[in-house]
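Notes to accompany the following structure.
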Amino acid sequence: QDEETQHSLECIQANQIFPRKQLIREDENLQVPFIELHGESTEYVGRAEDAIIALSNYRLHIKFKESVVNVPLQLIESVECRDIFQLHLTCKDCKVIRCQFSTFEQCQDWLKRLNNVIRPPSKIEDLFSFAYHAWCMEVYASEKEQHGDLCRPGEHVTSRFKNEVERMGFDMNNAWRISNINEKYKLCGSYPQEIIVPAWITDKELESVASFRSWKRIPAVVYRHQSNGAVISRCGQPEVSWWGWRNADDEHLVQSVAKACASDSRSNSNKIMNGNCSRDFSNGGDLSDVEFDSSISNASGAESLAIQPQKLLILDARSYAAAVANRAKGGGCECPEYYPNCEVVFMGMANIHSIRKSFQSLRLLCTQMPDPGNWLSALESTKWLQHLSVLLKSALLVVHAVDRDQRPVLVHCSDGWDRTPQIVALAKLLLDPYYRTTEGFQVLVETEWLDFGHKFADRCGHGENSDDLNERCPVFLQWLDCVHQLQRQFPCSFEFNEAFLVKLVQHTYSCLFGTFLCNNAKERGEKHTQERTCSVWSLLRAANKAFKNLLYSSQSESVLYPVCHVRNLMLWSAVYLPCSSPSTPADDTCAPYPVPGSSPEDQPLGRLPKTRSFDNLTTACDSSMPTTNRRSSDPSLNEKWQEHRRSLELSSLGNPGDDPFDGDSLSKQGRAPVGAELSVAAGVAEGQMENILQEATKDDVALEEHARGSLETAGKEDEIALGKENRTENLQGYVSDI
């Protein structure tokens, strides 16, 4: 009886608090041209020039004769009238929409309507995610289990802190402890309620440290390397100011992080067996490209086996000049003299204002009609790929320190909620295969971005009265772009595909889900967003086959070492270029991409026509199947691979009739399992693998890059990276695709 009463109240709330609005039609014959979501009500339907335009409380829908525009209102950044009769809509994800009207008055009417609905809300309940959830409660009131699956994240997300502490193997008896000093956010409003600190650091000392760190964001441990015990911690900048203030408790805490790593029992046993000496990076200045390459290429030696604290690396995301300039505003950086056994490195990453300017330049370039003749030089001038390169290098530096040098790392920028989560989350993604699974990636985003207070409301512009344009910046989008670059270089290492990332970009801004509302966990708790909105992970769940990477192998590289140079990075065309998004499921009831009612085949996969792709990997490698239908970047490449394939089959030592490139082994994970690799090794010596690749590409020095481009145009689902480091491991998948 109580449950029925509760459901009745929820239904009353949905109808009364979020009532449907009356539809206004410019023509009585016009109908709503899309399937409405729960809680969505269309307010206007009219005609544009050669199009039907509709506006609901969630989206703008424009149906042209040969195409459809379907964009959430919160994804629109600005609307302006151009050429008297044309509306020009700029979106937060780099897209630009143009709509032509027959009369000036009609154009002005739609301009006013759109400007009224895209402005930041005066109260958070005005966002569609609350109406959507309330109406879902009404629809699924009698189907509680289905409703729970629709709106809630999994247990791996809700219990992430406890699970992560156990999974990473923190020594909670001797080295570390969980502090509840921030219970109910009484110490820091932008930090989680539970944090990991060295076991001997008291809460009184933490209070003292909080008074010295920007926004009271104290050094907190967020990751432990399971093999060697080295940790990653994050914080805000020290408030040194021009007066050169010091804090003894802060200096003690930073040094204690390194000591706790050394006292960790697992770390100690690992260091005895695999003791590596650490490498020093250049102190006091920004890390140049030459210094970065040399620091990465120099192998660690085993010169010291003594069990002692490793030299802690303090990675400051800013340039040295920017860090010093922050002293004028009360900030600053650590002085190495006051932090013994520590080393400070400045990465020279741009601030949010420079990133915003770069993104605006990129958006302007990508929406030029027609494509500019100086595309490559114009793309370079935006500096977008350069910014990605610096971010990847920063994360890779953390990976080398933790994985190879067994050194603890402390990461911060100015406030610790923009560049810091970019570096830390990217480093964790490179270090730990768990975060490259669908569930692990959800935990990573929830922990590093949401729990530690990235200001989504201000950066995305959908917070209450968040009108300050100087606070907006695509920080999270930039990080997702880096994840996409990793997917390109390591196509078998991620359980989720590119469509997963594209959908996450869209719903970062759409406000269909409540995951990215507010600026921190404290605000989300006060607004009860978890109880009153749906989670984006209910859509991007591991069971959703539309977001599965068919090439994923759980046996792929444990730690990823990507190539970070600008020449190895690619523009994310699926996000930044029009008509380039990968297909998404037609029954995607939680999101309006693609257009409801359309089939996946109707969605554009790229700007070039799709050639035959190996959707059925089992038959793709069948020797009886002709391969001439597959377009190649070089006709001779297919011939050479066919010759080598026949030679491999003839020289195979397996059972008669066994194919060393058996399609069944490739179909399961996208790459051959151990058994298949052994059969290949039986047919060809280990050293011959590289010789085969070299012979196949000796006619064209640039063939590797050319082949990569050919694979990209053939469709995202059969994309195989041709990086040198992955050649031998990905050989079988490469053969099947050529």
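Going from the start of the chain as shown, residues are counted 1 onward.
Using N, Cα and C of the backbone, Cβ positions are placed for all residues, glycine too.
Taken from TrEMBL, the feature domain 'Myotubularin phosphatase' covers 155-576.
Summarising the annotation, TrEMBL assigns substrate binding site to ASN326, ARG327, ALA328, LYS329, ASN351, ILE352, CYS413, SER414, ASP415, GLY416, TRP417, ASP418, ARG419.
The annotation active site, phosphocysteine intermediate is assigned in TrEMBL to CYS413.
The region 'Disordered' annotation in TrEMBL covers 590-670.
What TrEMBL lists as compositional bias 'Polar residues' is 614-636.
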Return the maximum Cα to Cα distance in Å (whole number) over the record's substrate-binding residues: ASN326, ARG327, ALA328, LYS329, ASN351, ILE352, CYS413, SER414, ASP415, GLY416, TRP417, ASP418, ARG419.
21
Using Cβ-Cβ distances, find the residues under 8 Å from ASN351 (substrate binding site) that belong to the same chain and are at least 6 apart in sequence, listing them in sequence order.
ARG318, ALA322, SER414, ARG419
Relative to the Cβ position of ASP415 (substrate binding site), how many further Cβ atoms are located within 10 Å?
18
Minimum Cβ neighbour count within 10 Å among the binding-site residues ALA328, CYS413: which residue?
ALA328
List the residues of the same chain that sit at least 6 positions away from ASN326 (substrate binding site) in sequence and have their Cβ under 8 Å from its Cβ, in sequence order, or write 'none'.
GLN237, ARG318, GLY332, CYS333, SER414
